[in-house]
Amino acid sequence: MLTTGKKEFWFVVGSQHLYGEETLAEVRAHAQAMTDALNESAVLPYPLVLQDLAVNADKITSIMKEVNYRDEVAGVITWMHTFSPAKMWIRGTKLLQKPLLHLATQFNESIPWPTIDMDFMNLNQSAHGDREYGFINARLKKQNKVVVGYWERPEVQQQIAEWMDVAVAYNESFNIKVARFGDNMRNVAVTEGDKIEAQIQFGWTVDYFGIGDLVQYVNAVTDEEINRLFAEYADLYEFDYGTYSREDWEKSVKVQASYEIAIKRFLDDGGYNAFTTNFEDLYGMKQLPGLAVQRLMAQGYGFAGEGDWKTAALDRLLKVMSRNQSTGFMEDYTYELAAGQESILQSHMLEVDPSLASNKPKIIVSPLGIGDREDPARLVFDGKAGDGVVVSMADFGTHYKLLINEVSAFEPTVPAPNLPVARVLWEVKPNFQDGVKAWLENGGGHHTVVSLFLTTDQMITYAKLVDLEYVVIK
């Protein structure tokens with residue numbers, strides 16, 4: 001996968017000098033034990049690194065400043081072991097520019113009624129400290145995440161893990177660079193958007209390139225490189241020659257291999273991690289990139305068709321958030337309206353992400369009725385089953401809006417022998433009529449990113465971090 005580099009999270013435990021050094025030593029020991037256990041749980045996707053105790057304003061401010069300038073630190077998790085006066089937290093929290101999670105827990109799971117005394121109460125007063133700390137975060141409008149529950153429980157650790165994925169994606173959002181090969185598809189409305197506002201609000205850089213810039217890279221690819229990649233295809237996919245001669249079929253597939261090499265090289269040379277194409281901008285190209293795009297999406301590059309840079313950036317963002325698991329660009333195509341079977345067929349003219357495949361993809365070559373080019377190669381497969389979210393972002397002139405619809409995907413049961421593209425099927429929540437109606441009334445686009453790994457809660461967490469209006473349909 002196209003990686004984001006090593007990331008870690010800092011664990012900052014709140015207390016104060018009031019309780020004396022003996023108590024603080026116990027706080028440190030408990031904090032270290034928690035850190036070690038959480039790291040050893042195999043639930044958290046990124047390591048947790050314990051910091052000095054947060055016992056005064058200067059220490060807290062120093063920690064938060066360091067978090068900001070250290071790129072490997074993706075966010076902060078705080079825990080109030082004792083009461084920690086919140087005025088100490090104001091400046092550091094205001095300065096913090098990375099995601100913050102308040103873990104409302106305590107070291108011990110139960111109250112030891114036979115032995116509890118005031119020493120125990122002074123040491124273990126997270127309920128007291130949580131409310132003081134929670135107030136100042138709310139007062140500062142910090143949009144921090146709050147996770148509540150005993151820290152050893154799997155469901156609590158899972159919530160922390162899911163937030164970590166969001167925090168890493170939030171940081172990566174400011175590194176998203178989209179290369180647009182050609183412009184938007186003519187006359188399409190929802191793919192347009194304010195690139196300046198997107199860079200201000202989300203951190204996305206969007207650059208245009210004429211298709212000739214890519215053609216130069218394609219022409220520089222060698223036969224040796226193409227043949228080596230073609231051999232890799234043979235190991236990974238089924239070859240379906242259809243009605244083509246083997247020679248013509250391989251020739252078509254090798255065109256896509258040259259595109260994969262060229263596009264990846266172009267993106268990597270420019271520091272881009274997402275891209276768009278447009279079937280209306282293919283001067284100098286033999287085919288519309290299909291198999292090439294699918295392969296690059298599988299490697300973690302964001303993509304959307306018809307110049308839709310917003311969805312390409314969103315695709316990259318959610319691929320980082322999901323660690324590139326069961327997440328990809330999608331387009332609504334056809335309704336199934338039979339009573340009791342209402343669902344929506346998802347696909348695209350070529351570029352369906354193989355991270356959504358339930359079976360071994362096969363490479364086929366088939367005509368494409370648009371673009372006026374040679375028959376392109378593409379991967380064909382059936383989509384996997386699972387619950388997830390489908391997400392769309394649109395520019396409404398005054399603001400961006402994120403639509404989040406919960407869906408249940410299912411594997412197709414009826415063959416489609418004449419369909420030359422991959423297919424994904426899902427039912428929308430809460431039901432077909434209300435789900436589709438809400439999507440349309442709120443201006444949801446036909447280009448989306450679907451994830452069978454991520455949750456609605458994660459989408460909301462990200463939206464709050466970037467002050468993005470959102471609508472949930474579930």
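Quick reminder: no glycine exception, Cβ is built from N, Cα and C everywhere.
Annotation source Swiss-Prot lists Mn(2+) binding site at GLU306, GLU331, HIS348, HIS447, citing sequence analysis.
Annotated features, which come from Swiss-Prot, shown on the structure.
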residue : record              : DSSP class
GLU306  : Mn(2+) binding site : coil
GLU331  : Mn(2+) binding site : strand
HIS348  : Mn(2+) binding site : coil
HIS447  : Mn(2+) binding site : strand
> What are the non-local neighbours of HIS447 (Mn(2+) binding site), defined as same-chain residues 6+ apart in sequence with CB under 8 A from its CB?
Replying inline: VAL190, THR191, ALA304, GLY305, GLU306, ASP308, THR311, PHE329, MET330, GLU331, SER392
>> Test of understanding: give the count of other CB atoms lying within 10 angstroms of the CB of GLU331 (Mn(2+) binding site).
In response: 21
>> Cβ within 8 Å of the Mn(2+) site centroid (GLU306, GLU331, HIS348, HIS447 excluded): which residues?
In response: ALA304, GLY305, ASP308, THR311, PHE329, MET330, MET349, GLU351, HIS446
